[in-house]
Amino acid sequence: MAVSLPLVFTAPRRGMPPKHLADLDSAERREAVKELGLPGFRADQLARQYYARLEADPEKMTDLPAAVREQVGAALFPTLLTPVKHLACDGGDTRKTLWKANDGTLLESVLMRYPDRATLCISSQAGCGMACPFCATGQGGLQRNLSTAEIVDQVRAAAAALRDGDVHGGPGRLSNVVFMGMGEPLANYKRVVAAVRRITSPAPDGLGLSQRSVTVSTVGLAPAIRKLADEDLSVTLAVSLHTPDDELRDTLVPVNNRWSVAEVLDAARYYADKSGRRVSIEYALIRDVNDQPWRADLLGKKLRKALGPLVHVNLIPLNPTPGSEWDASPKPVEKEFVRRVLAQGVSCTVRDTRGQEIAAACGQLAAEN
């Protein structure tokens, strides 16, 4: 039985990692380079090495004078994440990486290859304070926020691994990034938004992915959703709703006690209107808990009323977690749920589940060494 944990919005005051180039915007980069006594053009040069060439080791930056590489490395390229181990499944198409941060904190990212794309699922916090009882990350509690650079470096490392053919399937290109790993992204708001800008800005300011290929998920921090809408980004917003009624959601997603289903959907509509993007509604289907036909009908009705055509439901067969008494709904129940949501005029599909065997699927990340 899952133990009821308190909600934690503010991360413990643990020391953040040393400053890294990826923490800095272009003006801050120039200032940092000037402080090292180097000419201003080195700022963009270093950024191109990191973002365009995916190089994080100044010793390998051949356009940088050998005499200053050590100094630059110490000041702007501290080692943030060290891989502890890689686990693969799905014929090698899914790879989970356990990372150790500078202070020993553990976190995970998951790279998934498909015939037409490669998607990286990244963490924004070590652990999570949202306390959802069916999620292994939420049951582990919150250790600390990740820095902007720790978030970005997960992406750079995956892009480099794909480019170099270090993952199954040969050389490839990273096409999508989803903030669906460990943590509640909007509880680490400032650093996550900065990371999104680094991931999507063209070189020398970032990795150059399209904003439309980035998804930011949330359990429903309504004020932060509105704030994100006002950033004028065109990333996809994914809301982990999991049930359409407040009574059950208060238990399944404890943050609902702070912001109700109606408030979350109002904020999601504001995001859809501002961004012009369809909102994704995530719904983990749990046997005999939230899979009843009436809940499917209510979900469809509420979403159609709140979001009209600007919504898509992703049904997720519940992934097993240690100690949980819950499991996935039977396939016929899942099929009927989809049919009923569609009957309300709302787009709905079942998500392709990857990584169950290596605890890399949605809700399974626990960063266990």
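Placed from the backbone N, Cα and C atoms, the Cβ positions cover glycine too.
Here Swiss-Prot flags Glu108 as active site, proton acceptor, drawing on sequence analysis. Under the heading active site, S-methylcysteine intermediate, Swiss-Prot lists Cys362. For Cys128, Cys132, Cys135, the entry in Swiss-Prot reads [4Fe-4S] cluster binding site, with the evidence type sequence analysis. According to Swiss-Prot, the S-adenosyl-L-methionine binding site annotation covers Gly183, Glu184, Ser217, Ser240, Leu241, His242, Asn319. Summarising the annotation, Swiss-Prot assigns disulfide bond to Cys121-Cys362. If you look up Swiss-Prot, you'll see 114-351 marked as domain 'Radical SAM core'.
Overlay of Swiss-Prot annotations on the structure.
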| residue | record | contacts (Cβ under 8 Å, 6+ apart) |
| --- | --- | --- |
| Cys121 | disulfide bond | Ser109, Val110, Leu111, Met112, Val178, Met180, Gly181 |
| Cys128 | [4Fe-4S] cluster binding site | Cys135, Thr137, Gly138, Gly140, Gly141, Leu142, Met182, Gly183, Glu184 |
| Ser240 | S-adenosyl-L-methionine binding site | Cys132, Ser217, Thr218, Val219, Gly220, Val253, Glu282, Ala284 |
| Leu241 | S-adenosyl-L-methionine binding site | Gly220, Arg249, Val253, Val261, Val264, Ile281, Glu282, Tyr283, Leu299 |
| His242 | S-adenosyl-L-methionine binding site | Cys132, Arg249, Leu252, Val253, Glu282, Tyr283, Ala284, Asn290 |
Legend entry - Average pLDDT across the domain 'Radical SAM core' (114-351), rounded to a whole number: 96
Inset, instruction - Write down the Cα-Cα distance for Asn319 (S-adenosyl-L-methionine binding site) and Glu108 (active site, proton acceptor), rounded and given in Å. - result: 17
Inset, instruction - Let me know the most crowded of the binding-site residues, choosing from Cys132, Cys135 and counting other Cβ atoms within 10 Å. - result: Cys135
Legend entry - Secondary structure at Cys128 ([4Fe-4S] cluster binding site), reduced by DSSP to three states: coil
Inset, instruction - Please find, for Gly183, Glu184, Ser217, Ser240, Leu241, His242, Asn319 as listed binding S-adenosyl-L-methionine, the greatest distance between any two Cα atoms, in Å. - result: 18
